[in-house]
Amino acid sequence: MSWLTAGNVLRNIFNVTPNPNKVIEVKQDKYADRSIICREDSLVLFEPSSSETKYEILLYRPYCDQAFSLCRFDKREDSELRFICYKDKIPNLVTISTVICSLNGLQRVCDLIQENPSWNIAHLVVSLNLTDCLQHPLILSCLNTPDETNGLSPLQLAVKCSNLTVVKSFIANGAIIDHIDNEGNTAFHFGASTNKDIILALIQKTPPQCLNLRNIDGYTPLHLACLRDHPDCVQTLLSKGADVNISADGNSNLTPSSSDGPKLALGDFMADNQKKLYSQDMKFGGTPLHWSSSRQVIEQLLDCNCDINILNFKKQTALHVMVLRNRIECAVALMSRCADLDILDSDGNSALHVAVLGKNIPILQALIVFGADISLLNNEGRSARHIAAADSDSTSERMLYILHATGAPRCPESTHGCTQGCMAGGTWVGLAPPPIPSLPARQIFECFENEFLSSKVQNVKGGRVLCLDGGGIRGLILVTILLHLEAAVGKPIIHCFDWVAGTSTGAILALGLARGKSLKECLCLYFQMKEKAFLGSKPYSSEPLETILKSALGTETVMADIIHPKMMVMGLIADKKPAELHIFRNYPSPCEILDPYSIINQKHPSEQFLWQAARASGAAPSYFRCFGRFLDGGLIANNPTLDALTEIHEYNIALKYVKRTDEVQPPKVVVSVGTGCIPVKPIKVIDIFRPENLYDTAKLALGVSSIAALLVDQATLADGRVIDRCNALCSMIGVPFFRFSPQLSEDIAMDEKNDEKLVNMLWETKAYINNNDKAVKKLASLLNCE
């Protein structure tokens with residue numbers, strides 16, 4: 001039987017069935033004896049004859065004895081259906097275009113109609129690129145007639161084919177641009193996969209509403225341009241008003257998410273800044289925020305109302321991408337504009353997970369400082385600590401300690417794959433930084449501390465005092481410590497105190513909190529302020545700083561508008577000798593209580609603008625110009641604690657003198673927050689003498705410089721002996737005193753702008769305050785005892 005099977009195979013190979021859809025050139029007289037079923041102009045459907053067993057569609061050539069057999073069928077129904085598809089298209093095409101009336105031309109037409117039976121003649125002209133027919137009335141008459149099957153219009157097909165000539169011609173002749181096919185696609189959706197010239201041709205003047213419509217998959221044209229990795233299309237769409245704040249979420253809602261204002265502003269930005277975007281990230285979708293590579297671009301985009309938390313195709317925020325790309329400036333810029341730190345991507349990773357996976361210590365510190373949740377688990381059930389503990393290289397061990405020192409929890413016992421660095425009951429905490437040179441702790445201070453911590457909790461309402469030191473950008477330390485205290489107390493920190501004193505940066509923070517700003521807003525404000533206020537060379541222009549203060553505190557808000565708590569803002573009147581401490585208040589001064597007419601050359605709280613008080617207290621010499629007669633309060637009260645206690649005592653004495661004893665509230669708990677202790681370093685030359693040679697001259701210069709620095713340090717001293725005095729005074733009057741000021745590993749300048757240095761400073765602060773948890777809990781219990 002094998003020979004029979006082989007014979008059948010050979011018979012099938014050599015007995016090939018002719019293609020019934022192949023166009024064949026034939027003689028007309030061959031069909032003289034065949035009956036006609038249907039006729040449409042030069043197109044005829046013939047019945048089979050005695051010699052021909054097929055139903056056949058023939059196209060006659062005018063003035064010629066030749067014809068074309070377009071297709072052949074065994075069944076009449078099939079032939080009639082094909083004839084219906086051909087009759088309105090092929091005769092007309094042959095009439096308006098001579099190039100079609102050939103074997104190759106007709107074969108192409110027939111194949112197209114067979115593949116797309118619901119196309120009209122305009123679709124065919126587009127696909128065949130018959131540009132000489134574009135103005136023919138037959139084409140124009142069906143210009144806006146879509147495919148009945150999928151809703152595709154001739155214009156959309158032209159866009160899909162990247163045929164710029166046809167697109168321009170159709171638009172000029174009235175093609176509808178905002179037509180939507182059955183899948184929700186507009187011409188712009190198809191244009192997103194072509195080139196910028198097509199998109200520009202579609203947008204004549206103002207951007208049409210359909211520019212931002214989603215299709216049934218939830219994609220706008222911008223999403224598709226990203227997905228197809230066409231950076232030029234992405235940039236063109238953005239420059240023409242594409243809305244970046246519509247997410248690709250599969251929602252078929254076809255309503256754009258924002259107004260024309262922000263879109264046009266973003267369009268103007270894109271027209272000037274296309275080269276500042278990282279085009280390789282565009283294929284992952286998102287917004288220009290995801291593709292930015294500089295702080296300036298991010299800030300400009302956010303000013304254009306770009307949604308800071310929108311996701312790309314991988315469910316990543318712009319922050320995820322900046323962390324992934326190790327762009328700390330960009331990451332900090334996003335965090336300082338209140339980006340959500342705890343959004344999870346498609347793998348369940350937060351930005352913190354990404355930072356640990358990328359072994360980026362500064363960004364890890366920044367995320368912790370800005371409040372990222374250090375206990376989040378990804379889709380695999382892994383925390384950031386678990387990931388850091390999995391590797392034994394030095395970077396991972398340092399990251400482990402950074403997480404541990406700020407309270408990252410160990411894994412529960414049910415977690416698999418843990419090491420000593422993350423398992424429950426483990427002992428390894430990572431690689432700690434080297435010890436910081438610092439002044440030795442005085443034993444007597446521990447006695448004071450133990451006395452306060454062991455004291456009984458009593459009602460402290462009315463006498464709760466908060467004092468905030470000066471220190472320029474190190475005011476970030478104040479914010480970080482107060483955030484920790486606020487979390488322990490469980491309510492806004494400004495509601496926990498009856499008196500608040502601040503100097504310089506401490507005054508700005510105090511007034512911001514009293515004005516209603518949250519600590520998180522203040523943290524972000526400081527990071528924004530350093531970029532705007534510290535521009536150029538010293539002394540810096542005061543205008544940017546004053547603009548920030550007016551924006552944060554209000555241009556017309558006065559001290560008297562703050563009802564609670566009582567505010568003390570320290571400034572220095574420097575236009576006379578000796579200079580004098582000036583306190584900006586929101587309450588009557590002790591002198592005014594004794595004699596309401598005693599105020600001379602001072603503004604009443606109802607006349608004193610907040611921003612002016614903040615500016616006067618922060619007029620640091622060499623950093624900013626003086627503010628009228630005022631210089632920085634840090635020159636006389638950089639730690640305002642003693643002056644605040646003096647003021648409170650004088651205020652109470654004045655109240656007693658005028659028989660208002662029921663209003664007297666002595667201090668009951670004092671909290672002093674500093675801006676960090678600098679590391680101890682040796683000074684080699686401190687002598688000033690008459691030089692006798694060149695070497696002595698060099699030593700003299702060093703000595704003068706050292707003495708000058710010593711004088712400034714002592715004038716602005718906020719720690720050391722100042723704190724000893726505060727401790728002693730509070731101990732004498734029986735008032736608990738709490739001092740929080742971290743030991744820093746580096747002397748951070750008041751105008752420091754480097755993000756890596758600042759986030760390391762703040763991480764040291766977080767680690768410090770986390771390590772002082774006992775004192776924090778004691779203070780929280782005192783503040784809550786009313």
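Cβ coordinates come from backbone N, Cα and C, glycine included.
Just so you know, TrEMBL annotations never went through curation; they're auto-generated.
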Of the ranges 47-51, 502-506, the one TrEMBL annotates as motif 'GXSXG' is 502-506
At a 10 Å cut-off from the C-beta of Asp632 (active site, proton acceptor), count the other C-beta atoms across all protein chains.
31
Check the motif 'GXSXG' (502-506) for me and report the mean pLDDT.
93
Which residues of the chain, 6 or more past the ends of the repeat 'ANK' (150-182), have a CB below 8 A from one of its CBs?
118, 120, 122-123, 125-127, 129, 131, 134-135, 140, 142-144, 190-191, 193-195, 197-198, 201-202, 204, 208-210, 213
Give residue numbers and ranges for long-range contacts of the repeat 'ANK' (347-379): same chain, 6 or more residues beyond its ends, CB-CB under 8 A.
317, 319-320, 323-324, 326, 328, 331-332, 335-336, 341, 385, 387-388, 393, 395-396, 398-399, 402-403, 406-409, 480, 483, 520, 523, 755-756, 759-760, 762-763, 766
Using Cα coordinates, what distance in whole Å links Ser504 (active site, nucleophile) and Asp632 (active site, proton acceptor)?
6
Under a three-state reading of DSSP, tell me whether Asp632 (active site, proton acceptor) is helix, strand or coil.
strand
